[in-house]
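Report on the structure given below.
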Amino acid sequence: MNGEPQQTDTQGKLRHFLSIEGFRREQLVQILDAAESFAMLPGRQVKKVPLLRGKIITNLFFENSTRTRTTFELAAKLLSADVINFNVNVSATSKGETLLDTLRNIEAMHSDMFVVRHHASGAAHFIAQHVAPGVSVINAGDGRHAHPTQAMLDMFTIRRHKGDFTPLRVAIVGDIQHSRVARSQIMALNILGVSEVRVVAPRTLLPADVRTLGVHVFHDLEQGIEDVDVIIMLRLQRERMDNALLPSAHEYFQLWGLTQERLQRARPDAIVMHPGPINRGVEITSEVADGPQSVILQQVSYGIAVRMAVMSMAMGNRSGDQGT
Amino acid sequence: MNTSSIHIRGGRLIDPANGIDAEKDIFITNGLVAGVGEKPGGFEAKETIDASGKIVCPGIIDLGVHLREPGEEHKGTICSEAEAAARGGITTLICMPNTRPVIDTPAVWELIRRRAKACGSARVLAIGALTKNLEGEQLAEMGALQQAGCIAVSNTRRRMGNTLVTRHAMEYARTFDLPVILCSEDPHLKADGCMHEGSVASRLGLPGIPSAAETVAVARDLALTEHTDSRSHFHTLSTGRAIEMIRQAKRGGARLSADVAIHQLFLLDTDVDGFHATCHVDPPFRTQTDRDILRQAVASGDIEVICSDHQPHEADAKTEPFPLTAPGISGLETLLPLSLKLVEDGILDLPTVIARLTWGPAQALGLPQGRLDSGRSADICIFDPDEIWTLDPEGMHSSGRNTPFAGWEFRGRVTHTLFEGRTTWRSAS
């Protein structure tokens, strides 16, 4: 069974960025290195560069997300591309238009790249399968499947603080089952060769056979973060209580909420991360979120550099292809 | 009416119901088998079919196809699918009641019956609805449906309102000795799942359907079968654990039968990897362990029937991100070819696989078809066991080209199909 979209061209250069799965270590490092060249220095603005001048990038969002869309938009503008925002949530699909029809319509307006967010797992692969040959697709989150630029900005943050990945122990805490971020992080961490990836959650928030993703499973938060170098907290959605996956936000915080006291179990120089938006008092206390070990706001600003890196790499390679 | 007389000469006749596996000729007059092995007195062939080197067997009975008419003609019509069936050596199609409107009144069945008769490519029999509009709340008029000719009842994969309704439906069907076709699946455990719950679903982030969605429902339906003495037939099982429960219930004397869709004997949850919408099927492809148990059960006879679970779709239904695609495979034209692969793979012998496609379904539902003794309807499939060919979906005759078997190489192909003594398919070669 063929027809699968290839994320890299025959020379191994980036074409689409749909999932962390399938990339080699040096390819991920290359993205991190490219992001480094764009990254803001403290207190200084990132410079606008003309790399994608004349290119049109379409943000194609089938799910509301102001924050992710804004960082993609900013990254595109800093690369001098023109940006179109297309929120399909409120227009076409409610009238029964298929995803393919929506895609064809926007393609007819001309676009060099689609940044896609969709509620169905596999949507970014689907779109990459159906776009014109010169067009790149960046997955900005599909269902529970993948959110690869988020994972890469998390890797970037970790590398900035820790340097080498190989000795690190990383704990991801919370709703792994419904999280595309966690899936992409787990894959990236394993490809980059960390010493251990742990997931910490009640059984109702873990996917089936979760160990096969390459993680160690903990149900107790204090044991799970013992001696780790990095703690990644995941957002808890309110609807998990309605679906009988958890009894209450109160109990969740009691058992899996990260407090300053519990943080002592991790290594003293451990960093605390969160893909946002955070629920203060549900998965994390304000003391920790705003504390010295938190790097949550740095993640957001690094996100722009990482997205600039991914976009410029994918587009740079496409224009090269078209020349031949 | 039909005054033709046909002599099928020189083929290897496999008729499991009569224990025949030998070179025997068949003589047909007036649409009926007039003689097997010996030419009846006064027989004069108007037509002779040279079957030398070929297998001659009863026409295949496909239990539980989705014909799409009335209501979803863009996916397939009775005639398009009956013609596709003829190419696959199938002479009896047993259609599911989930048409639009559903087969819950004799009038809907009458419409289907007439269309099928006008088309003439295959016999179409109907499974009537178990509940009104398949809503799982009120009983359908099963007595009237049976009088009109429905041979069984089913609620398809639609959910039953509660266990008490299921109990009453089974009891009421038992009043008429109507077989109940069960597609056992717990709707709450299935939830929004679209593939087998396991490591592949976890990696792809696709909502999973746990094996327990089937086993919980099979356990409940087995208990109700025992309680109501229902003539239950378990349709399209997918888990090894369910097979074990069925086997145990049979040992305990329960009157029941079971089938498996042919594609379940070949594909696994790993085949979904890469978001292959052609592998979106319900029940989902499961693990290798499940598949191996299903294969063994087909060989041992714990599963008596192999079916196609034919569900044709228009191309658009499969052109969406995986979870949004319609489940199902267009299976009429791959039912026999895949079944023959089981023989190639050494799972069972040729007479046994033919039994699962003919005499097995006939026995499960109490049908007179599926055997070739004198006086029976001349429903016959002739295939060349050595022809090697490759499946090209563009060449399929069904309106649905939704198959995960594109590009597969098969050995064995239907050369002639006779339905009531008329040739409904003859290959060019």
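Just so you know, glycine gets a Cβ as well, placed from its N, Cα and C.
Feature annotation from TrEMBL assigns domain 'Aspartate/ornithine carbamoyltransferase carbamoyl-P binding' to A:15-159. The feature carbamoyl phosphate binding site is assigned by TrEMBL to A:Arg67, A:Thr68, A:Arg117, A:His147, A:Gln150, A:Gly276, A:Pro277. As annotated by TrEMBL, L-aspartate binding site applies to A:Lys95, A:Arg180, A:Arg235. Residues or ranges marked as domain 'Aspartate/ornithine carbamoyltransferase Asp/Orn-binding' by TrEMBL: A:168-313.
Sequence-ordered, the extra residues of this chain that approach the carbamoyl phosphate site, with Cβ no more than 8 Å from the Cβ center of A:Arg67, A:Thr68, A:Arg117, A:His147, A:Gln150, A:Gly276, A:Pro277, are A:Ser65, A:Ala140, A:Gly141, A:Val181, A:Pro275.
It is 14 Å from the Cα atom of A:Arg180 (L-aspartate binding site) to that of A:Thr68 (carbamoyl phosphate binding site). Helix, strand and coil residue tallies for the domain 'Aspartate/ornithine carbamoyltransferase carbamoyl-P binding' (A:15-159), in that order: 63 helix, 27 strand, 55 coil [DSSP].
Here the C-alpha separation of A:Arg117 (carbamoyl phosphate binding site) and A:Arg235 (L-aspartate binding site) works out to 18 Å. The highest number of surrounding Cβ atoms within 10 Å, among the binding-site residues A:Arg67, A:Arg235, is found at A:Arg235. Note: A:Arg180, taken in sequence order from the binding-site residues A:Thr68, A:Arg117, A:Gln150, A:Arg180, A:Arg235, A:Gly276, have a C-beta within a distance under 8 Å of a chain B C-beta.
Each of the binding-site residues A:Gly276, A:Pro277 was scored by how many other Cβ atoms lie within 10 Å of its Cβ, and the smallest score goes to A:Pro277. Within the model, the domain 'Aspartate/ornithine carbamoyltransferase carbamoyl-P binding' (A:15-159) carries an average pLDDT of 89. Reported as a whole number, the C-alpha separation between A:Thr68 (carbamoyl phosphate binding site) and A:Arg235 (L-aspartate binding site) equals 15 Å. Summary: among the binding-site residues (A:His147, A:Arg180), the fewest other C-beta atoms within 10 A of the C-beta are counted at A:Arg180. Helix, strand and coil residue tallies for the domain 'Aspartate/ornithine carbamoyltransferase Asp/Orn-binding' (A:168-313), in that order: 61 helix, 24 strand, 61 coil [DSSP]. The Cβ of A:Gln150 (carbamoyl phosphate binding site) lies under 8 Å from the Cβ of A:Thr68, A:Gly141, A:Val181, A:Ser184, A:Gln185, A:Pro275, A:Gly303, each on the same chain and at least six residues away in sequence.
When the Cα positions of A:Arg67, A:Thr68, A:Arg117, A:His147, A:Gln150, A:Gly276, A:Pro277 are compared pair by pair, the longest gap among these carbamoyl phosphate-binding residues is 17 Å.
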